[in-house]
Amino acid sequence: MKIIIVTGMSGAGKTKAADWLEDQGFYCIDNMPPKLVMNFVDLSKANGMDKIAFVADIRGGEFFSDLVEVIDQLKKQEDIESAVFFVDASTPTLVRRFNETRRHHPLAPGKVNQSIIEDERARLESVRKKADYIIDTSTMKVADFNMAMTRIFLGSKGNQFNINVTSFGFKYGIPSESDIMVDVRFIPNPYYIKSLKPLTGNNKKIVNYVFKSELANEFVDRYHALIKELIPGYIHEGKYHLNVAFGCTGGHHRSVAIANKMAELFKADGFRVTVTHRDLDFIAKGDSKK
């Protein structure tokens with residue numbers, strides 16, 4: 001039996017996640033009090049249901065505090081493959097979404113402000129720590145969201161470890177879904193080379209420039225080895241998905257080249273790997289990616 005707990009910030013996209021799971025054959029239940037989950041699971045087993053998704057969030061009020069205990073109970077069931085999927089977004093994004101749609105926030109009947117969102121974020125912190133997958137929808141379009149869902153839930157096979165490698169630019173903000181984040185601004189910057197500035201880290205000229213640096217090569221070798229050493233520990237703790245993010249100034253050159261190289265090494269190790277270059281969307285359409 002497969003069970004997915006969908007939770008996260010109000011307005012971040014839990015309903016879209018539930019809709020996607022329903023399309024994949026999951027029986028979705030919204031806002032069931034967590035204490036009733038195990039009873040429903042037992043009933044479902046007796047009736048042959050094998051794919052269930054529960055949507056649980058702050059709307060549950062006092063009942064929501066029981067969710068962490070329920071998650072732990074599900075993890076102990078040998079005949080259940082469970083996962084916690086946490087949908088997040090930045091505070092400014094959530095404030096904007098609520099005020100644009102004029103929807104009421106579960107914690108406040110009136111206009112939504114930053115303090116309300118941060119209050120909810122604090123209440124959800126214990127559940128967020130239990131998440132197997134965290135997705136940040138701040139900059140996502142619907143197609144991006146569906147692609148991410150597909151990558152997470154249809155891209156894995158059994159307990160094969162999944163690594164999502166992301167490049168980003170610090171000037172556009174830090175990706176909140178990252179488990180591990182590395183600043184690669186210590187590597188020489190091709191941005192200051194006139195002929196290289198318009199290109200991206202997907203271009204061979206940028207790759208050659210970045211890895212002309214002995215420091216870049218040494219970093220990749222050592223950091224790749226470090227991540228490989230950490231993965232058995234993650235698996236032992238029941239985590240089968242890791243988000244590793246590499247950041248440079250604009251997210252166009254160094255971080256892209258480093259992320260691609262790390263992804264290549266992880267694939268060679270036999271891990272299931274996806275690569276996301278978050279901030280290449282900020283580049284004009286005419287720029288080369290050769």
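The backbone N, Cα and C atoms fix where each Cβ goes, and this holds for glycine too.
So that you can see what the record holds, here are the features copied from TrEMBL:
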- 1-156: domain 'RapZ-like N-terminal' (DOMAIN)
- Gly8, Met9, Ser10, Gly11, Ala12, Gly13, Lys14, Thr15: ATP binding site (BINDING)
- Asp57, Ile58, Arg59, Gly60: GTP binding site (BINDING)
- 162-280: domain 'RapZ C-terminal' (DOMAIN)
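Mapped onto this structure are the features recorded in TrEMBL.
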residue	record	Cβ neighbours (10 Å)
Gly8	ATP binding site	29
Met9	ATP binding site	24
Ser10	ATP binding site	23
Gly11	ATP binding site	23
Ala12	ATP binding site	24
Gly13	ATP binding site	24
Thr15	ATP binding site	14
Ile58	GTP binding site	19
Arg59	GTP binding site	13
Gly60	GTP binding site	19
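In this view, Lys14 (ATP binding site) is surrounded by 21 other Cβ atoms within 10 Å of its Cβ, with every protein chain counted. According to DSSP, the domain 'RapZ C-terminal' (162-280) comprises 54 helix, 26 strand, 39 coil. Close to the recorded ATP site, the chain also has Asp57, Val87, Asp88, Ala89, Leu94, Thr137: residues not among Gly8, Met9, Ser10, Gly11, Ala12, Gly13, Lys14, Thr15 whose Cβ is within 8 Å of the site's Cβ mean position.
Using a 10 angstroms CA-CA radius around Gly8 (ATP binding site), the binding-site residues that qualify from Ile58, Arg59, Gly60 are Ile58.
Each residue contributes its Cα atom, and for Gly13 (ATP binding site) and Arg59 (GTP binding site) these two points are 15 Å apart. Secondary structure at Asp57 (GTP binding site), as computed by DSSP, is coil. Within 10 Å of Arg59 (GTP binding site), counting C-alpha to C-alpha distances, fall the following of the binding-site residues Ser10, Gly11, Ala12, Lys14, Thr15: Ser10. Lys14 (ATP binding site) sits 9 Å from Asp57 (GTP binding site), counting Cα to Cα. Take the mean position of the Cβ atoms of Asp57, Ile58, Arg59, Gly60, the recorded GTP site; other residues of that chain with a Cβ within 8 Å of it are Ser10, Asn31, Ala56, Gly61, Phe64, Pro106. Within the set of binding-site residues Asp57, Ile58, Gly60, the entry lying nearest in space to Thr15 (ATP binding site) is Asp57 (CA atoms).
Taking a C-beta cut-off of under 8 angstroms and a sequence separation of 6 or more, Asp57 (GTP binding site) has the following same-chain neighbours: Thr7, Gly8, Ser10, Lys14, Asn31, Phe64, Pro106, Leu124. Classification of Gly8 (ATP binding site) by DSSP places it within a strand.
Within 10 Å of Ile58 (GTP binding site), counting CA to CA, the binding-site residues Met9, Gly11, Ala12 contribute Met9. In the three-state DSSP scheme, Gly13 (ATP binding site) is classed as coil.
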